[in-house]
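Working notes, structure below.
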Amino acid sequence: MKQHSSTEKHLTGSEAASSGVSEPQSKLHVFLAALPLWISSNLTKPRSLKTLLRCWLASWVGFIIILPDASLNVLGTAGFFAMLCSFFLPPNLPVQLFCFMMLTLVVGLCFSWGIGVAAMRAANAVRSTAHIQAVALQIQQRYRAPLPDPTLALTTAIYNGKFLDIRASVIYGCFLGFFAFIYGLIRAYIPVLTFTSIFATIGLDIFCTFGPLLPTAEYTLLKTFLISVGCYTGIALITTLFVFPETMSHSALRSVCEQLDRVEKFVTMQGEVLKTVDRQDGQAGIDMFKPGTLLLTKLDGMKTMMVAVMRQLNATSGMISLEFSYGKWSSDDVKDLITPLRGIVARSIGLDSFSKIVWRTTDLAEAPPNTTTNLDPSNKTFTLVDPSINAYNDAHLLRQMTSQTLQYENSHHLRIVDILPLAESATFELRKAVVTAVAVTRKNLDNVNRHRWTRHPDVDGELIRELDAAYESLTAALKDFTQDNQNAKRMQILKPFLALLQKEDGTVLTKSEQEALPFRSLFIAFVLGTNLVSLSEAVIAMMNIVRTTTAKRQRNRLWAPKGLRKIGKLLRGAGRSGEEADGGQAFGEDAIPSKEDFDDTGSGKSHSKSFFRLDPDSRPPTNIFQKIMNKLHGLYRWCGTPEAKFAFKYAFISVATWIPAVVNNSANFYYEEKGVWALIMAQTTLNIYASDQVFNLVIRLIGTFVGAILGLAAWYIGNGNGVGNPYGAAAVTAVFMPPLLFVRNFAPQRYLPGVLLGCATFALVMGYSWVDGHIAQFSSIGWSIAWKRFTLVIIGSTAAFIIMMLPPSSGRKAVRHRNASVITGLGNLYSFLMSTWLSDAPLSNKAATPALSQPDLSHPIHSVRWLDKFRVRLLSLSDELNALKQLTMTATWEGSIRGKWPAEEYTALLDAEGEMLIGLALLGGALAHLTDESRVAFMHNTRVLNPNLIADVMTAFSLISQSLRTGEPLHQVLPQSLVGRLLYHHYNHHNLHEASPDRAHGGDGITVETLSSLDYMFYATGIVAVFLVLKSVDDLQKITRRLCGEVPFEGFEKWRSQFESAHATS
């Protein structure tokens, strides 16, 4: 074992061994370590610096094109829009994805152009010709002799609002309000089209703001904007194609290699987890697994990064086939890696569950003798209470279970700290093989990705041989661990327990005696073993794909795009992104299971959706009138959702901040001071929830202030007090842009609104100053532009804040409702897995054969329909939890007007839900590996399938969700420990039937052969997973009691204590 440890240290410590850096490098490393991770990591990544250079060049050229007078006259007053677009959509994406994003922007502008033309045509149709002629006559009479400039006089009259017509203004207002409502719905329901909505709104604002002032049709109002956007698109495409170009295939394969590198480190860290307790002070080692420690923080950080990158890969993988690429592998070949990589990442993250379960064992030793509320699920001692007890209450049983577990484990030296060294030794070869296989696979993929234009046959051949050797090594290690004989590596963990199955005289223990054996540590060690087996199978599946593709693709070539129809599918599925859940779940509605969710276990039973939810106030409509009224009722209910309220507020604030533009007394001021930007700010600052509104208001104001300061500094450094020096402006802009673009490209997502506004303010100060100093009639440059821009932001943001608060949509209430929705979804997933376990129909597509020692490693997990459905629902809940974490962080910005918001309780609620999701994932993986024969055989020998327990668990899910949704308190008499209820039901059932000589499905207990089988290891993992779920439900209930309160039952606790003493024996 010491040799294993030293070997592993040698394998994982190569970087530490080569840390002999020079003093300047050490200072640099200290400086980088002091910076936030998103800054330090991207400052040292060559790919990030290349992307920054590309974005800087495109943005700088976008500003350079407005400096010559010839090009500025063509671009017009909106010439700065090219630089503005370079901040909103920098060319930091592969060319195909960038073209798609630019297309959404242009489509938004063009759509609003068409809407604006329709509005102008309709408004001019109702204009009073007599009014126009009268105003024109007044202008002629005022400047009759001598006439200085008829065109200037007419222009001045237009922008002074002389041609305003109330009827035309009403038409524009109706168009603005209706389509602003539509754009608001797009922002709320289809976040991927946010830029489309924003730029469509800008185009509509421009038409509806300037259109009412014009006496005649001017359908080309957006022409200058489209010209600037077209110029930037061309610049960005050129830089994307010729400045460190990158296809989506190259980007995706690079992300795959980075993910494999993280997996390699994550698996390696499991050795550190095991070695932590490999010493005499084992309990102190377990204390290092406490949440918040350095080890756990590193694991959580890597896990978060892997999940985020995997979500991004899933979102962009649909477009990989839509490009031309050059290299050995086609885009489809790269896309084929995404699914097996998803499995590898999921199983790697599953390894983290082991450390959490080990930490849970401390609760068993610390549980007070007079309480049941602090006991943890790692007490997966499934076997610890004397079945002769006449059990009537769960609290007494739990106290006995705690005491007896500790006694047995200490007396037999089977504590978790005693078993973990055995687990480390038994899994060392498999872990080493997994790490090597992942590393070699990454090297091969990286070689394919780096050498797309060159050939290195010697290097390719060597890497392929390494891949084959790693494949054979991992296959052998997996077979050595999973084979069904006494020579299997996993038997090292079992040896201390096998001796307990027989008495000293050689006779076999009875089933009742077996139930008192301390198998808790064994089952926890089995969790590590099954996770490693599952991970190994996933790695082998990817290696098979890599080996096959590498053998098939020997030469670099040009690959044409495929699957253009997938663009429509991406748009149709845009609303189902990771951060916006489907349908009502995103709005805090119950996650009602669908028919398909209950028809995946092969039962063939059909369920109607109406079976799950009925309207208690009316039966389904039966005639046309009732159907119409039912639809109207649904529309009325929808109008009360936060998304609908947001759309209505979006339309209202658009019209409210637009009205000054069509009032005679304020029209000229609105035009000269560019009031349209206040309108745009009011629209873009508006958010669905009050907490988002406050947070975005703060970061937008900060971003605007910083952008204005940088813009002023850049303008006066490069241009002095003049109207603009082209050489100075170009030079200073080139210096100021890189830090702005660095923050724009790499800042965390939640700060992006403030970053965008800061960059936009910089662009407006520089762009407007140059344009106004050269071709505009209002000479406002530098300071005049900056303070007005900041004032407009304050006006627009204040207007949005006022509208959002009348009435506010509470983000805190949304957090509570969405937690209720997630808990309902977790309960549905639990019932789905229990239903799958209890199914009479075959679940696997191959019979249970004794050839488990020679598994089909190319298809390691049974390809079954229920498993695919389970994975989809598991990922959906995971995405919902990630979105809920962000919403919970933002909800703290609502303030504490009525009292402090218990953010720590909602954070604990999320932690419990995340832990439950881990348990459900473990359970699903265990069921996927069990053969049908083993699954059915274990059904009648486990306590977790007791129907009374399942009923209690589902009741707890329902009550907790309902309490969070309505705010109603839970009752004190409800069971507070489902683990205790499990024992209560089991031993109560045992005592009722122990006198029956022929109990059905009683079983003969555990034999050595059963305990040694591979199926039993997965079965044990499933049991651990269920206990983890039970404890998580207990935690949810305790947190909900603290949040929503508890209905007291006077005298209940005293009576329960008396009842236990009278009816339970120790």
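Heads up, the Cβ atoms here are built off N, Cα and C, so glycines get one too.
TrEMBL lists coiled coil at one of the ranges 324-351, 464-491, 856-883, 884-911, namely 464-491. Under DSSP, the residues of the domain 'Integral membrane bound transporter' (672-803) split into helix, strand and coil as follows: 109 helix, 0 strand, 23 coil. Counting Cβ pairs under 8 Å that are 6 or more residues apart, the transmembrane segment (225-244) and the transmembrane segment (750-770) reach fewer than 3 and are not in contact.
Below 8 angstroms of C-beta separation, residues 42, 52, 55-56, 59-60, 63-64, 67-68, 87, 90, 710, 713-715, 717-718, 755, 758-759, 762, 766, 769-770, 773-774, 781 of the same chain, each at least six residues beyond the ends of the transmembrane segment (724-743), sit close to that stretch. Segment contact is absent for the transmembrane segment (750-770) and the transmembrane segment (522-546), given fewer than three CB pairs below 8 angstroms at sequence separation of 6 or more. Nonlocal intrachain contacts for the transmembrane segment (95-119), taken as residues 6+ away from its ends with a CB within less than 8 angstroms of a stretch CB, comprise 85, 88-89, 171-172, 175-176, 179, 193, 195-204, 206-208, 211, 219, 221-222, 225-226, 229, 233, 236-237, 240-241, 245-248, 316, 319, 322-323, 567.
Remote same-chain residues near the transmembrane segment (169-186) are listed as 112, 115-116, 118-119, 122-123, 126, 193-194, 196-197, 200-201, 204-205, 207-208, 211-212, 643, 646-652, 654-655, 658-659, 662, 683 (criterion: CB distance under 8 Å, separation of at least six residues from the stretch ends).
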